[in-house]
Amino acid sequence: MDDKLRIDLGMASRYDSRQRRTVQSPASYKPANSPTSSTTSSFRQVPEASADGQSSPASSTARGKPQYFFPDSEVLDADGSKENVTVTVRFRPLSQREIRQGEEIAWYADGDTIVRSEHNPTLAYAYGTWYVLHLIYRVFGPTTTTRHVYDVAAQHVVGGAMEGINGTIFAYGVTSSGKTHTMHVRSQL
Ligand SMILES: Nc1ncnc2c1ncn2[C@@H]1O[C@H](COP(=O)(O)OP(=O)(O)OP(=O)(O)O)[C@@H](O)[C@H]1O
């Protein structure tokens, strides 16, 4: 990743705790080719492979045997309306130090849903683009307040938790990309 790309990726997910009963503990998840175990989304149960490599019917799965769940792309809408995991991208402004050092913006928020390369405008990630297996939901520019990011990207997950719906919000990005600022700093809302 370009070291001048200053983005902070937040991912929020929610799902009804009633569905949770059908899912094994995280240790038994086996997401297909997922770069991170925390990017769980909607899952479909895949018939467990028998010892000879053939799939056995789900109904023959013995109690206590591990069950594996894979991301099910079929449940995802192009508009993300059925997606339980969303990715939001937040750009922070260049710091004074970076400005002094002559660093430049490499990527920017082009509207609410597009991340575009400053150097190659034809290169962009747009709403609906798969990014680390999930859909970019919203893109926030450097003037966006943390309060607004929270309202758009996180409040519904927090509200869901109050109603008993499991949810996770986390931020990831390179060092100094703004994870703590986004997730923690109340005084800078
Ligand atoms: N949206 C923003 N607007 C203004 N300043 C910001 C913004 N995001 C981050 N900063 C500033 O950038 C610096 C780095 O941010 P922060 O500490 O949140 O990064 P981090 O991703 O948590 O870093 P690390 O991974 O090293 O812990 C801080 O000084 C912070 O105040």
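In case you wondered, yes, glycine gets a Cβ from its N, Cα and C as well.
Any TrEMBL annotation is an automated prediction that lacks curation.
Pulled from TrEMBL:
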type	residues	note
REGION	1-66	region 'Disordered'
COMPBIAS	22-33	compositional bias 'Polar residues'
COMPBIAS	52-62	compositional bias 'Polar residues'
DOMAIN	84-189	domain 'Kinesin motor'
BINDING	G173, V174, T175, S176, S177, G178, K179, T180	ATP binding site
Per DSSP, what is the residue count of the domain 'Kinesin motor' (84-189) in each of helix, strand and coil?
30 helix, 33 strand, 43 coil
Cβ under 6 Å from an atom of ligand 1: which of these binding-site residues qualify? The list is V174, S176, G178.
S176, G178
Between 0 and 100, where does the mean pLDDT of the domain 'Kinesin motor' (84-189) sit?
86
Count the Cβ atoms, other than its own, that fall within 10 Å of the Cβ of S177 (ATP binding site), considering every protein chain shown.
20
Let's check the environment of T180 (ATP binding site): how many other CB atoms sit within 10 Å of its CB?
11
